[in-house]
Amino acid sequence: MDEHIENTDPKEVIRVPNFKYARSPREQRLIWKQDLAIVPLLAGCFFFAYLDRTQIGNARIMGLETDLGLSSSQYYNCLMMFFVGYMVFELPAALTLRYLPAPVVFGFSVTLFGVVACCVAAMSSYAVLMVLRVLIGLFEAVVQTGNLYLAHWYYPNEVGTRAAFFYLPAPIAGAIGGLIAYGVQGHLENSHGIRAWRWLFIVEGVPTILWGLLVLAILPKFPEVVAKRGHWLFRQEDEREMILQRSKTARNEPESKAKSSQLWLALKDPKCWLQAMAVGAVCLNVAAFGTFLPTFISLFGFSPLMTQLYTIIPYAFGIITLPIGNVLADRYDRKGIPTLICLGVCLIGYILLLSSTNKVVLMAGCCFVSAGAYPAVILSSAWVLISNAGYTKRATAWAIAQIFIQCYSIISTQVYTDAPRFFKGHGTLLGLNALGVVAVLITMWMFNRENKRRDAIAADFASRGEINPDTHRSYEDLCDKHPDFRYTL
């Protein structure tokens, strides 16, 4: 495999079904440089995105709902509008990546949702808050396309680990968000005549804007652009050739554009819908967690200040399990089985939340949900990306998953209404997670059957001393129907 990368004409498209091989020192150095140039910048984008989207839950505890005169249903509608904006813009955002430079797409989106977060601090009506939540959803939808961007820089058995560190800031932001809210409420309440919850959005919005400008300045463009024009971190010619060759080997076509045929192919593909059900279930847990955890814990009888601190405990479990689960999944080249395990852990959490009134048991239930949900988000998301070839098909499959994610998340904003036990909310999420388990099992069965079928066809050609004529066609032409493509179980 090293020979393929180092000695092959970079203009050739190399197709290698098995990505498990010993990387040469030269290739390892390149991967390390990619990790330094790409992963921290995208991780920062996700950190600020998650911080800005979820702090409305902490702001509610700090008096937002009371100051604006919102009813509970109006507050839930504001939560819902974020997911509406997110859902509407996900596919356009994914396709925009192939027409505008990646630094521009990510940098401007982060800067803009930082600006909108600051605007939340100044608004004073329900209608304006609704509009601002839609705008935050629109701009943050772009950040989720970071997974598509990563898939152009890394092999299928590398992308899960990088996506895990890209997404790791989500639980970190949840934990730190509680600390920030604690500090803001304790030290900035009525400072300069401004309520603490308004300061909260300012304190988080300004650094978000600065991070967006940093991304705009230094994030690398797509591999084919870096290979052609260079980048401050990738100056050597042989490095740039290897970057392009690795991207091609990872089933990407340079400068591929949107193809309507691939869009329809994705819409007709059962696995896209099955995997979307699984991704939707695990992301539903995170969406509900981010917006309702402060309210849920406040019902334990803690003060608003102590509530902010206690929200850190469940997030800590997600911070631990997210990287461990995804690194192991990449090492053993598995996605379906780890996703099943994580969904099972979430089910245990909801059973605990439904069956007890003891504070310790309820907190344990929250920790189980967090421990299963956060690694499963990346496991299932990476599974969608590596199960589809062809840029438009992959982007459409991801958009289908996002539609499920946002629809499920909208459900989460409407079912947590029966305090203090929240039977309707916990029960709904329990059922949708169980549905996710079924979807994963069916998908694994389909993938295993199809892999065996393709192996049999390849063996038949080999026995006759022939090569499948479709082998020489590109992944942009055949997508994951390519004879060299194998699905990860």
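The backbone N, Cα and C atoms fix where each Cβ goes, and this holds for glycine too.
So that you can see what the record holds, here are the features copied from TrEMBL:
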type: TRANSMEM; residues: 30-51; note: transmembrane segment
type: DOMAIN; residues: 38-451; note: domain 'Major facilitator superfamily (MFS) profile'
type: TRANSMEM; residues: 74-97; note: transmembrane segment
type: TRANSMEM; residues: 104-124; note: transmembrane segment
type: TRANSMEM; residues: 130-151; note: transmembrane segment
type: TRANSMEM; residues: 163-184; note: transmembrane segment
type: TRANSMEM; residues: 196-219; note: transmembrane segment
type: TRANSMEM; residues: 272-297; note: transmembrane segment
type: TRANSMEM; residues: 309-329; note: transmembrane segment
type: TRANSMEM; residues: 336-354; note: transmembrane segment
type: TRANSMEM; residues: 360-385; note: transmembrane segment
type: TRANSMEM; residues: 397-416; note: transmembrane segment
type: TRANSMEM; residues: 428-447; note: transmembrane segment
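Residues 58, 160-161, 163-165, 167-168, 170-172, 174-175, 177-179, 182, 289, 293-294, 297, 300, 302, 335, 338, 342, 363, 366-376, 378-379, 382 of the same chain lie 6+ residues outside the transmembrane segment (309-329) yet bring a C-beta within less than 8 angstroms of a C-beta in it. Contact count against the transmembrane segment (428-447) (Cβ pairs under 8 Å) is highest for 272-297, out of 104-124, 163-184, 196-219, 272-297, 397-416. Here the transmembrane segment (74-97) does not touch the transmembrane segment (163-184). Their Cβ atoms form fewer than 3 pairs under 8 Å, with each pair 6 or more residues apart. Highest Cβ pair count under 8 Å relative to the transmembrane segment (130-151), across stretches 30-51, 104-124, 163-184, 196-219, 272-297: 104-124.
Highest Cβ contact count with the transmembrane segment (163-184) among the listed stretches 30-51, 104-124, 196-219, 272-297, 360-385 falls to 30-51 (criterion: pairs under 8 Å).
Looking at which of 196-219, 272-297, 360-385 has the most CB pairs under 8 Å to the transmembrane segment (104-124), the answer is the stretch 196-219. Most Cβ pairs under 8 A with the transmembrane segment (196-219) among the ranges 30-51, 272-297, 360-385, 397-416 are made by 30-51. Mean pLDDT, taken over the domain 'Major facilitator superfamily (MFS) profile' (38-451), works out to 90 on the 0 to 100 scale.
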